[in-house]
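Features as listed in TrEMBL:
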- ASN104, HIS109, GLU114: oxalate binding site (BINDING)
- HIS107, HIS109, GLU114, HIS156: Mn(2+) binding site (BINDING)
- CYS30-CYS45: disulfide bond (DISULFID)
- 59-210: domain 'Cupin type-1' (DOMAIN)
- 1-20: signal peptide (SIGNAL)
Amino acid sequence: MKFLPISLLILALATATTFAYDPSSLQDFCVAINDPKVFVNGKFCKDPKQVTADDFLFKGFRYPGNTANPLGSKVTPAFVDQFAGLNTLGISMARIDFAPGGLNPPHTHPRGTEILVVTEGTLLVGFVTSNQLNNTFFTKVLYKGDVFVFPIGLIHFQLNIGKTPALAFAALSSQNPGLITIANAVFGSKLPISADVLTKAFQVDKKVVDYLQAQFWYDNN
């Protein structure tokens, strides 16, 4: 049996790593346009001759988000769907407003690492590692000016533990990092996940599952 040269194995690993995140742009920019008739992995490019400075401007962070909801928080995303100039650039942002006690609930971004900076207030944040690392929980209390990073794909949250509103901004390593809110996905899926699955997975009575599936799972995005 013949073995591949070590140089080819290294090249294969490097290539796999290269394609693990947003692909590199092959031009200066590619301002997104929507075509409802065609679906592609990303967005089509606007004709560069028709691009203006406004395509690279996002005004959605100017005003506070409405935190008058069951979670007491509001996420204002600046992903490629809201900010066309981000297309192919591999970055995005979000503004997160918190009422006192407000929570950005446990969620994941399957396609992006998140780095968060607190600009007002005090937040309790944390993330949980994968099964491989025994679901270890890392948590810190963040104050104004503190920065914390949440690795790609790991479940994380932010909670305002202060008595005043809090504000944070997040940057993510993808133009479209995706979002899976854990409670909404597990108990609010369409169609519902079988109660037999959830009772065994969570080791609880079916009445508990029925109660949770009957709740309205608010989306703060």
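Every residue, even glycine, has its Cβ placed from backbone N, Cα and C.
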CYS30 (disulfide bond), number of other Cβ atoms within 10 Å: 22
Packing count at HIS156 (Mn(2+) binding site) (other Cβ atoms within 10 Å of its Cβ): 23
Sorted by sequence, non-ASN104, HIS109, GLU114 residues with Cβ within 8 Å of centre, oxalate: ALA94, HIS107, THR108, LEU116, PHE150, HIS156, ALA170, LEU172, PRO177, LEU179
Pairwise Cα distance for ASN104 (oxalate binding site)/CYS30 (disulfide bond) [Å, integer]: 32
GLU114 (oxalate binding site) and CYS30 (disulfide bond), distance between Cα atoms, whole Å: 23
Remaining residues near the recorded Mn(2+) site, that is with C-beta within 8 Å of the centroid of the site residues HIS107, HIS109, GLU114, HIS156: THR108, GLY112, PHE127, PHE150, LEU154, ILE155, PRO177, LEU179
Nonlocal neighbours by CB distance (under 8 Å) for GLU114 (oxalate binding site), same chain, sequence gap 6 or more: VAL149, PHE150, HIS156, ALA170, ALA171, LEU172, SER173, PRO177
